[in-house]
Amino acid sequence: MAEGDYIIGGIFPLHYNQEMPDLNCTYRPPPVKCNGFDPRAFRWAQTMRLAVEEINHNMELLPNYTLGYKIFDSCAYPLTGQRAALAVLNGLSEDHSAMCSGASPLLAVIGESGSAQSIVVSRILQPFRIPMISYFSSCACLTDRIKYPTFFRVIPNDDYQVKAIAQLLVRFNWTWVGLVRGDHEYGRFAVQGLLRELQGTKVCVAYQEMIPLLYNRQRALEIMQVMRSSTAKVVVVFSAEGEMTPFLGDYMTQNITGIQWVASEAWVTASVFTGSEYYPYLGGTIGFGIRKGPISRLSDYLQTVNPQMYPNNPLVQELWEALYGCSPSSSSGSQLPPCSGQEYLLDQHSAYMNTSSPRVAYNVYKAVYAIAHSLHNLLLCQPDQGPFLNNSCAQSNNIQPWQLQHYLQEVTFNIAGEVVNFDLKGDSIPYYDIINWQRGTGSNIEFVNVGLFDGTKPVGEELVIQEERIMWAGHQSEVPVSVCSVSCLPGSRKAVRRGEPVCCFDCVPCDSGKISNQTNSIECTFCPEDFWSNKDRTACISKKIEFLAYDSLGIALTVISIVGACLTIAAITVFFHHRNTAIVRVNNSELSFFILFALTLCFLCSLVFIGEPTAWSCMLRHTAFSITFSLCISCILGKTLVVWAAFTATRPGDNIMKWLGHKQQRAIIFSCTLVQVIICAAWLIDAPPYPSRNTQYERSKIILECSVGSSLAFWCVLGYIGLQACLCFILAFLARKLPGNFNEAKFITFSMLIFCAVWLAFIPAYISSPGNYADAVESFAILASSFGLLFCLFAPKCYIILLKPEKNTKQHLMGKEKR
Ligand code: TRP
C-alpha cells in the first residue's frame, strides 16, 4: 500500500488456491490460508503500482495531487474476495484494525479478476457507491446496471466473445462441439450465451460438462471419458488457470489425443501452460485473447523486485519460491532449499516476467489511468458549472465516490493510440485478438496472433482470420474435423435421427426421379417433366425417348418383312411365268395374283410400324394393315367360296357355280374390303390414331407410341378381319373333302388355322406389352400371319410347279390319272 491524497483500492488473485476456511462459527475464523502463488497476478498488481507511480510523476495528469493505493489478495475465491473488499474499505488487514473504524477514504477500486469475485465485491461496494473497474471480469451478467450500478470494466463483455466463438465454429465447420466450463458465473453465463448464439446455426453441442469448484479427480476423469468417447473433437472451454491446471494435469495422464481446444479469453494467454510438456496436448489451441497494449516501462519496473530489496515482503519471497523453487530467506521455515541470490528476473518467459504482450496487465494499466483521468476532470470542474445539484462541483478535499463515478461514466482518453471509454453499462470496446498456440523455439508453446475480432464492425466483417498461419492440434496444418455425421454427398439427403440433435443424421439416397445436387441437401427435388434423375441422382437428364427404331429389333423386323415381300414377289413371278400350267389355271389364277399382291402389301405394311411415330405414320399403321389384310382375306374368302361352290356343285341340280363368275368374285372381294375401308375411314375421321408420349409405363423413359384414338374402332377392325378369317375357315373346312389330288381347301383351312392362332396369340401379347414393344408385337403378328398364308397357300404349288412339273397336269390334279 502507499499513501496519497486519493486512495484507490486494488484486488488481485495473488494466489490461485486457498484452503477452505473452517467456518463453523463457534470461534473466530482464522485468517484465510491461501496457497499457490500466482506470479501473473503479482505482475498485474505491480502494473497497478507502476501506473500509480507514473501518474504521480506526470505533470499534466493530477499535477498537484498524489494517488495512493491499497492492494489486497482475493485468492481467486469469491468469499476471500469479499474479505478483501471489506479490508480495502476498512484498513490494512482485518486483524490489524478495528472494524468499521470510520469512513474509508477510498475513491474507487480496481478489481476483481474473476467475475464471481467481482460480483461479490460489487455488492459490497454498492452501499458506499464506490465505483469499481474490473480488468478481467467479462461475464455478461455484470452488464446489469440495476444489480451492479457501480461496476465498470476495461474488458469486453462476454456476449461479444461468445459471438466470436460461434462465428469461429461456423467458419471452420465444426458442427459437433463439446463445452466444458468451470463452476462459476463466468462459465455459466458464457455457456448460456454460446448456446444462444449457436441457436439457428449448423453447430450442435455434443455435451456440456462442468469442472467442479473444488477440484475432484473422479469427476474430472468422468469428463475426460465423455471427451474420449464423443466424436466431437473440438472442445470449447470457459475456465481459468485455477481449474485448468489440475484438470489438464489429469488430462495429460489420460493419453487422450486429437482434441482441438478452443480456449476462452481467461486462459488463452495463460503462461502457466507454455511449458514444452503441454505442447503435445495443448498445441494448436485457438481462442480469443483480449486486446494487448504497450506498457513501456513495465519490464524494467518488474525487475526492480527482488528479495534483497524487499527482504520483509512475504509476496516477494513467495514469488521467488514460485519462480525458482528456492527460499530466499532462511527464516521463513519453508522446506525449499535456500536461494543462491544469483537468480535474476531476466527470463522473458517466466510467468512473472512475460511482458512481451501484456493484456490483462494492460487492462489494469488502463483502469488506473481511467480513474486518474476522471479524477483530473473532476478537479477541473469550474464552480457553478458542475454536474451536480445546483450546478455544484465536487470538493477537492472531500470527494465522494459517487461523484467520481459520474466522471468515470463520462471519461474518454487516449492511451497508446487507443480510445478508452465506458458505455452506459460500464462496458468497453469489444476487440479481441485470435490467439493460436504454436510450438516456439525451445519446444515450448508460443502465443501467435492469427487474426482479430472487432465487434464494432458491421455484422459479418467482424472476424478476420489468417487461416494459413494457424497450426492446429496435433501439429497439423489442416483444419480438424468435428462433426457428428459426415456430410451427405449430392445424390442423397439428410434424414434426421429421432431424438438426436440436427447435426446427427443419416444420408438416404434420393428416390429415382428425384435429385439433390448439393452436399448436405435437406430434400431431394423432383426432376421437371420430361427429365429424369441420372444414376447418381445428382442431376436431371432428359428422359430417354424410345420407340421401335432401327435398332436390332427394328432391323430384324425390316429384314423379315423385306424377305417376305421378296418371296411373295418371287411367287408372283413363278406363277406368272407358269400361268399357263395346270396348277395355276385350276386354282383360279386371278384370285391367286390378287392374294399375292395383297400379301406383298401385308409384308410391306409392317414397315410402317418401325420408326418414330408421326401423325401420318400412326394413321397409316392400323389402317394400312387392316385394309391390306382385309383385302387378302377377302381374296382367300373368295377363293374358298369358289372351291366350296365347286364342291357343292358336284351334286346334280345345283348351279351355284354360275353365280360365281369372275365378276361376282371381284364384287365379293371389293365389297368385303369396302366394309373395312369404311370402318377405317370412320375411324380416321372420328378419332384417328395419334402419336403420344407414354410416361406412365416406365417413368424414366418417354415411350413414343401411337395411341389408337378409339379402341372401339381398333377392335372393330381386328374383329372384322377375325370374322372374315373365321368365315373363311369354316367354308374351307366344309370343303376340305373335295376330291382330287390337289385340294386347295385343305391348304386354306390350314392357313386360316395358322392365321387365327397367330392373331389369338397376338391379343394378350399386344395388351400386355409396353409402348414400343406393342408395335413390335403387332409387326411380328403381321409378318407371322403373312408368312403363314404365303407358305400354306403357295409353297405347295410352287413346289409342284418348280420341282415336280410332271405332276402339273390336269389329270393329276383332278386325281383322275391312272394309278
Ligand atoms: N474473464 C474471466 C472472468 O470474468 C476471467 C477469470 C479470471 C476467471 N479469474 C477467473 C474465470 C477465475 C474463472 C475463474 O471470470
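First residue shown is number 1, and so on along the chain.
The backbone N, Cα and C atoms fix where each Cβ goes, glycine too.
The model shown is predicted, which means the values in this text are computed figures rather than measured ones.
If you look up TrEMBL, you'll see 553-576 (among others) marked as transmembrane segment.
A mean pLDDT of 82 is what the model gives for the domain 'G-protein coupled receptors family 3 profile' (553-817). For 553-817, the entry in TrEMBL reads domain 'G-protein coupled receptors family 3 profile'.
Positions annotated as transmembrane segment by TrEMBL: 591-611 (among others).
Taking Cβ pairs closer than 8 Å, the transmembrane segment (623-647) reaches residues 587-588, 591-592, 594-595, 598-599, 601-602, 605-606, 608, 656-657, 659-660, 665, 668-669, 672-673, 675-677, 679-680, 683-684, 717-718, 720-721, 724-725, 727-728, 731-732, 734-735, 737-738, 744-745, 748, 751-752, 755, 778, 782, 785, 789, 793 in its own chain, all 6 or more past its ends. The transmembrane segment annotation in TrEMBL covers 623-647 (among others).
What TrEMBL records for 667-685 (among others) is transmembrane segment.
According to TrEMBL, the feature transmembrane segment maps to 712-735 (among others).
Residues or ranges marked as transmembrane segment in TrEMBL: 747-767 (among others). Residues 633, 636, 639-640, 643, 718, 721-722, 725-726, 728-729, 732-733, 736, 774, 777-778, 781, 784-785, 788-789, 792-793, 796 of the same chain, all 6+ positions outside the transmembrane segment (747-767), place their C-beta atoms under 8 angstroms from a C-beta of that stretch.
The transmembrane segment annotation in TrEMBL covers 779-802 (among others). Within its own chain, the transmembrane segment (779-802) is flanked in space by residues 548, 557, 560-561, 564, 567-568, 571, 574-575, 578, 581, 583-584, 587, 592, 595-596, 599, 602-603, 605-606, 609-610, 625, 629, 632, 636, 742, 747-748, 750-751, 754-755, 758-759, 761-762, 765-766, 808, which lie at least six positions past its ends and keep a Cβ under 8 Å from the stretch.
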